[in-house]
Structures are given as C-alpha cells and as structure tokens.
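Asks: There's a structure below that I have some questions on.
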C-alpha cells in the first residue's frame, strides 16, 4: 500500500495526541501516582506538588493536545483551507519545538546539577523524549515541509 507524506504527518499527530493522553490521565486524576515515577522519594510528593502536577496535566491537555487536534483535519484545497492549515501546522510545530528545546535543556542541566528532587531516570528520559519530538518537528518543518500540506497535494513517500 502506498501512502503520502501528509498521511504520515497526520499519523505522527495521532501518535503524539495519544502519548499526551497517556500522561494527562494520571496527572489529572492520580497525581500522586504520576509523581511517584518522577521524584526521588515520597517526601517530594507534597500537596503543592500534587496541585502543580494537576496544573501540568491541564496545560498539556489544553495547551498542547488541543492545538495538535486542530492540526489534524485534512483540508480540501478547493475550499481554500490549504494555506491556513499549513500555516497553523507550522506555527504549532515551531512553538512546540521551542518549548521542547527549553524543557529538554533544563532537564539536562537539572540532571547535571543533581539537586532537583526529580529522579535521574525521569530527567534523562524526559530530556530524551523532548529531543525525539524536537527531531520529529525539525524533520517535518525543514526536511519534509510539503508533508504538512493537504493530503492531495503532498508528495508521495512510496
């Protein structure tokens, strides 16, 4: 079966939205469980940390997953939607890339400093995850920008 780059881009959006939901649910509804995987010990799980974890989950839901969902629709070029959706997709990916670069760098600095209260594993896995998503965004933004276009206009992959 052959598929085009726009379809691959949309699969990446679905994957990322799914990954976000996997992390959102425990952050919102079981913040103590979510924190138990991230902090060095139970003493770091304070009422303030629990509240911040829920806030973080809400930010991921509204500030990150919702914009990805708005990037998903495949516009029909004949209805004038192509340029708007491509611009939205690019803007969303540029914004997220900046955040991932900043968060990933901060995680690495916290790992090197060794006194963040977060486990070393959480910091390294978090930084690696930010790096992977940053690489994916760079690929779609700079190596294959045509794949962000409407499905009928994108160049074939295979």
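Keep in mind that glycine also has a Cβ here, set from the backbone N, Cα and C atoms.
Whatever TrEMBL says is automated annotation, not expert-curated.
Per TrEMBL, the feature transmembrane segment maps to 12-35, 55-72, 93-111, 123-143.
I'd like these features described in context: how deep, what's nearby, how far apart.
Replies: Long-range contacts of the transmembrane segment (12-35) within the same chain: residues 44-45, 49-51, 53-54, 56-58, 60-61, 64-65, 68-69, 71-72, 133, 136, 140, each at least 6 residues beyond the stretch ends and with a Cβ under 8 Å from a Cβ of the stretch.
Taking Cβ pairs closer than 8 Å, the transmembrane segment (93-111) reaches residues 64, 67, 118, 120, 123-124, 126-127, 130-131, 133-134, 137-138, 140-141, 148 in its own chain, all 6 or more past its ends.
Same-chain residues lying 6+ beyond the ends of the transmembrane segment (123-143) with a Cβ under 8 Å from its Cβ atoms: 9, 12, 16, 90, 93-94, 96-97, 100-101, 103-105, 107-108, 110-111, 116.
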